[in-house]
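Scroll down for the structure; my scribbles are underneath it.
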Amino acid sequence: MISGYLEGLGMVLQVGTLLAIAGGTLLGIIMGALPGLTSAMAIALLLPVTFGMPPVMGIGMLLGALCGAGASGSIPAILLNIPGTPSSVATTFDGFPMAQKGEAGRALGLAIVASFFGGVASMVILSLLAPPIAEFALRFGAAEYFSLSIFGLVIIASVAGKSLLKGLIAGLIGFFASTIGTDPITGVGRFTFDQLSLLTGINLLPALIGLFAVSQVLKDAFEYDPRQRLEESTHRIDIARPRFLETLRHWKAVVAGILSGSIVGPIPGAGGSIASLVAYDQTRRFSKSPEKFGTGHAPGIVSVESANNALLGGALIPTLALGIPGEAATAVLLGGLMIQGITPGPLLFDDQSGTVYGIFLAYLAANVFMLLIMCLGIKLFIRVLMVPRKQLLAAILVFCFIGVYGVDGDVFNLYLMLGFGVLGYFLNRYDFGTAPVILGLILGPIAEANLRRGLQAFQGDWTPFFTRPISLTFLVIAVGLLALTLWQNYRGNRRSESNASS
Amino acid sequence: MERDIGKPIFDLLLLIASAAAFAAAMALPDIEIVGDLSPAFFPKLISAMIFLFAIPCLVKDVREWRAAVPAGGSRPANRRGVMQWLWIVGLTVVYILLFEPLGYIPSTAVFAFCCVIGLLIASGVWGELSASQRVKSLGGAAIFAIVLAVAIYYVFTDLFEIPLPD
């Protein structure tokens, strides 16, 4: 482990790697500060830039974007009462009232430091928990990998869309798309339509950029209204400096945030808004002055922001150790890892331990850069909010083009990107979600290959998939979750029907 | 709840697409290897599942559509949104078509310029601008488009060594 850390440290402590992490963090902060643009989009846009980079440098850049976006969602939440990211919703509860009292700088200072503490603590938890989970997963065979893929797909499908069925359909669309190309066992071409670019299957990058960046641009284009202008913040921000001592005085709120984020984070699909709301609720519940929450109370901001960044480290645990992402942004990150030639999962910890520990340390560095950049550039990021939308949309689309075309110079991939963008737009608009599609694309080949490999090994016998303990456990949990979600959906429908009739 | 016919239409399209995918999967060769599944197994299974899952979605969305009240005053905003959406999609297709023949810098500059001005026109704001404001908007969009195309070209080709069509 120590040799792994030393090897990883050598990879991170290079000028190029540190610059890449800082650059990724900066872009993440800008994207997170812009309402409507997500960390998943930031990572998708950065993916092509990372191609020529060594793995730790490239992944460090993506982690920087993830970390920066996780923290900067608080800027519009505090100044404009508009959450920059879904996980910043709870930041508005106390952040905006504090800003209204003329203490916007204090609120931002608390949010920055709490995000930093949350991020650093989650890195420690990640580095402690991921290796033993990966070690346990070394026992997995074909049956277990098949069941794990189904488990991952069911979990994200049950939480990503607004209804279970729609989430499952989205996952199955991705799964179907993953079957396009040459069948790896028989060599039969499936749905290639004599298109050379499809012989090796759907390229992950155009799918990722289409689903997470182009679809968002199309949504913004639909909603674009030049008559609606953001009012420039009138709040005082000249005192926006990090509030270490004040944040530490609210250590209980920090701990509540770290615990909530770390527990919710590894649950695939649970998402940042749940972690931050849980942290806020727990801090208020155990507070001596719960009545102050919602009026610009510092522990409210501290708990939410520490939970937001603690969540990211937690979400990386199943992503790295099992290859199952925690939510949309880590699903894109998983795609990024695979494009980099890194196959997340237990073998990664065995074969490339230096890279794994390098990734842990890169995440720590990303948190340090997030703290520095947010403190130094807070006024600049507030100006980012004023960037005209139409110019921004054009620039993002150009980035998407270069990203997809630059990889192999194949124009077909640009059409693929646009196709996935249009598909993603409608999937989001009609409550299916896009995260399950990517997971289907990633997990589909794993599920199919392991099922077929397992069946060959078991001489066509299906029973080992249901009798091997770990495989059975995954399948039972998946079925249990399906049943639970269906029951919750049924209850929700009944409740809304009875509300409508009364 | 606002009435949105798009949901049931999308469900219906999913049903049709999954049926077509199933038919295409049926046409795949059935190669038997001992203990293995045929290459058509997964595509058939998945398309059948999408078809089956899309039916209750369609039924639910049609019921919700019938129960919802027709949208009132949001029609012009909706029409404007559709125009803006179609403009971006159409422009992107043209950008793809011109990307290699025209080269990166000219095609990107034209795309960025048309994107900005097109959104102004599609949103209806263009008609409200005076002649001098229009000239200012055109000039601003042109400068933005050229700077964006050239700056990105040098950043990506020189810094990240990503080749772009000349």
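Cβ atoms here come from the backbone N, Cα and C positions, even for glycine.
Fair warning: this is a prediction, and the values are worked out from it, not measured in the lab.
For reference, TrEMBL has these:
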- A:18-439: domain 'DUF112' (DOMAIN)
- A:20-47: transmembrane segment (TRANSMEM)
- A:107-130: transmembrane segment (TRANSMEM)
- A:142-161: transmembrane segment (TRANSMEM)
- A:167-186: transmembrane segment (TRANSMEM)
- A:198-218: transmembrane segment (TRANSMEM)
- A:253-280: transmembrane segment (TRANSMEM)
- A:315-339: transmembrane segment (TRANSMEM)
- A:359-382: transmembrane segment (TRANSMEM)
- A:394-427: transmembrane segment (TRANSMEM)
- A:472-490: transmembrane segment (TRANSMEM)
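Sequence-remote contacts of a segment are chain residues at least 6 beyond its ends whose Cβ falls under 8 Å from one of its Cβ atoms, and for the transmembrane segment (A:142-161) they are 167-171, 175, 267-271, 322, 324-325, 327-328, 331, 431-436, 439-440, 443-444, 446-447, 450-451, 453-454, 457, 464-465, 468, 470-472, 474-475, 477-478, 481-482, 485. For the domain 'DUF112' (A:18-439), the model's pLDDT averages out at 84. The stretch in closest packing with the transmembrane segment (A:20-47), judged by the count of Cβ pairs under 8 Å and taken from A:167-186, A:315-339, A:359-382, is A:359-382.
Of the Cβ pairs linking the transmembrane segment (A:359-382) with the transmembrane segment (A:198-218) and spaced 6 or more residues apart, fewer than 3 are under 8 Å, so the two regions do not touch. Distant neighbours of the transmembrane segment (A:167-186): 153-154, 156-161, 192, 198-202, 207, 423, 427, 432-445, 447-449, 452; these residues of the same chain sit at least 6 beyond its ends, with a Cβ under 8 Å from one of its Cβ atoms.
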